[in-house]
Amino acid sequence: MTAKSDEPGRWTVAVYCAAAPTHPELLELAGAVGAAIAARGWTLVWGGGHVSAMGAVSSAARAHGGWTVGVIPKMLVHRELADHDADELVVTETMWERKQVMEDRANAFITLPGGVGTLDELLDVWTEGYLGMHDKSIVVLDPWGHFDGLRAWLSELADTGYVSRTAMERLIVVDNLDDALQACAPG
């Protein structure tokens, strides 16, 4: 792994989000999340890309004076256009290592609308939280119902005993930014 600098000791929120779509509402949401994290004096840790929602969240955080830590696997440096403007850019060997660094660095997690990679990150951190590997807040910020199908399926799994109610309670699903940030706040 390589890094540009040392991160200040601040509350850190990992944001999991998309690396491909450029829907205006998604980019606006990601930008609002980045700006709000910075406004609170928190550090943003994200997937290290400078495209789609990843680029919007990090650019907005920096534009509002926030500290940004990008974590990107070597194989995606060019595909996701690594954000070399990050205050710290960690280049990992593998996707697994990327997720581990993000999880280790974060005090809380916010998931925005995204695809397979975003789901992978969410499910991984949720599973680890449920298993007691951490007690960090896991927030899904879903203002447009992007995750409604997933939530319905998970509810069915809980109803049939495949997912415990305790596991379901670990997920904090909100539809507005203020509630997401409140759920991530220290203390």
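Cβ atoms here come from the backbone N, Cα and C positions, even for glycine.
Copied over from Swiss-Prot:
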- Glu80, Arg98, Lys99, Gly115, Val116, Gly117, Thr118, Leu119, Asp120, Glu121, Thr127: substrate binding site (BINDING)
Among all the protein chains here, how many other CB atoms are within 10 A of the CB of Thr127 (substrate binding site)?
12
Under DSSP, is Thr127 (substrate binding site) helix, strand or coil?
helix
